[in-house]
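Per Swiss-Prot, the feature domain 'AB hydrolase-1' maps to 37-228. Feature annotation from Swiss-Prot assigns substrate binding site to Leu44, His111; the stated evidence is similarity to another entry. Swiss-Prot lists Ser110 with the feature active site, nucleophile, giving similarity to another entry as the kind of evidence. Annotation comment: Swiss-Prot describes Cys212-Cys262 as disulfide bond. Annotation comment: Swiss-Prot describes Asp238, Asp280, Gly284, Ile288 as Ca(2+) binding site, evidence class similarity to another entry. What Swiss-Prot lists as active site, charge relay system is Asp256, His278.
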Amino acid sequence: MNKIIILIALSLFSSSIWAGTSAHALSQQGYTQTRYPIVLVHGLFGFDTLAGMDYFHGIPQSLTRDGAQVYVAQVSATNSSERRGEQLLAQVESLLAVTGAKKVNLIGHSHGGPTIRYVASVRPDLVASVTSIGGVHKGSAVADLVRGVIPSGSVSEQVAVGLTQGLVALIDLLSGGKAHPQDPLASLAALTTEGSLKFNQYYPEGVPTSACGEGAYQVNGVRYYSWSGAATVTNILDPSDVAMGLIGLVFNEPNDGLVATCSTHLGKVIRDDYRMNHLDEINGLLGIHSLFETDPVTLYRQHANRLKQAGL
């Protein structure tokens, strides 16, 4: 009798687990299904897929699994925000022509932030939303330092450009993508405080007018969102954290290792204090991140659902 009771209990317990799991699976169906396709845009030295490793590690797959249409753009790894923006615009136009969609939801990381802003500014009719993650909207102290240390027109600048071009050529080779024109000095200029503020004069949509506030939530029919991390060393198992920690010393304010928190603000600031560094924001280095913070992939899923709830 005791054995029968145990078997019945186990059966009921197993059934409840299966039912709970099934219910969870069903509840996730369509969770990320936005009205318009999502386009992910990489930052400086970025790529779509490099030697089998995604720039947005595991993110497109997770979003697609529960209903989203996701496309990963590939623009110049190094170039001005405007040049990268024109490349992205051409890809957006092609995507809309193929899919029949009317608009896209643009999500950009790092230099991808200004890049997607450019597209939304010149063709707001094609963009439903702009989401910047760790975006450089008021410059980076790192870019300022590099520009200040390497004199314009110097031999050291020529050497640095040569090394950068070699790295970018390797990225193009390993990513198997289109060989976009590269201009390391243009990208450096774009990411300095001076370059960013100049860009903002021409493309001001969503940029906060205060030092560390929020920008307009909606401009020309386009919704603007942003979020970022505010930590440098987040997991001792991640070797890239050493670099993030050292580079982060350049700042005298909260930062993610490459960009100051206040510089990442655009439109509606979802959060700017995640325990994530610049690479964690894209689930970088194969997903190694802080054990005491939300999984980066979850943030993208939640945001896709946010866009869905907004009818985007």
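Every residue, even glycine, has its Cβ placed from backbone N, Cα and C.
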- What are the other residues, in sequence order, whose C-beta lies within 8 angstroms of the center of the C-beta atoms of Asp238, Asp280, Gly284, Ile288 at the Ca(2+) site? Thr234, Asn235, Ser240, Asp241, Asn277, Leu279, Asn283, Leu285, Leu286, Gly287, His289
- Item | Neighbour count (Cβ, 10 Å) for Gly284 (Ca(2+) binding site) | 22
- Task: Taking the Cβ of Asp280 (Ca(2+) binding site) as the reference point, list residues of the same chain whose Cβ is under 8 angstroms away and which are at least six residues distant in sequence.
- Result: Gly229, Ala231, Thr234, Asp256, Tyr274, His289, Ser290, Glu293, Pro296
- Task: Please average pLDDT over the domain 'AB hydrolase-1' (37-228) for the predicted structure.
- Result: 89
- Densest Cβ neighbourhood among Leu44, Cys212, Cys262, Ile288 (recorded positions), 10 Å radius: Leu44
- Among His111, Cys262, His278, which are recorded as recorded positions, the nearest neighbour of Ile288 (Ca(2+) binding site) by Cα: His278
- Asp238, Asp256 as recorded positions, winner by CB count within 10 A: Asp256
- Note on the structure: So Ser110 (active site, nucleophile), by the Cβ count within 10 Å over all chains shown, scores 29
- Task: Would you mind checking how many other C-beta atoms are within 10 angstroms of the C-beta on His278 (active site, charge relay system)?
- Result: 29
- Message: Going by DSSP, is Asp280 (Ca(2+) binding site) sitting in a helix, a strand, or coil?
- Response: helix
- Message: Sequence gap of 6 or more, Cβ distance under 8 Å: name the residues on the same chain that satisfy this around His111 (substrate binding site), in order along the sequence.
- Response: Gly43, Leu44, Gly46, Ser81, Arg84, Gly135, Val136, Ser187, Ala190, Leu191
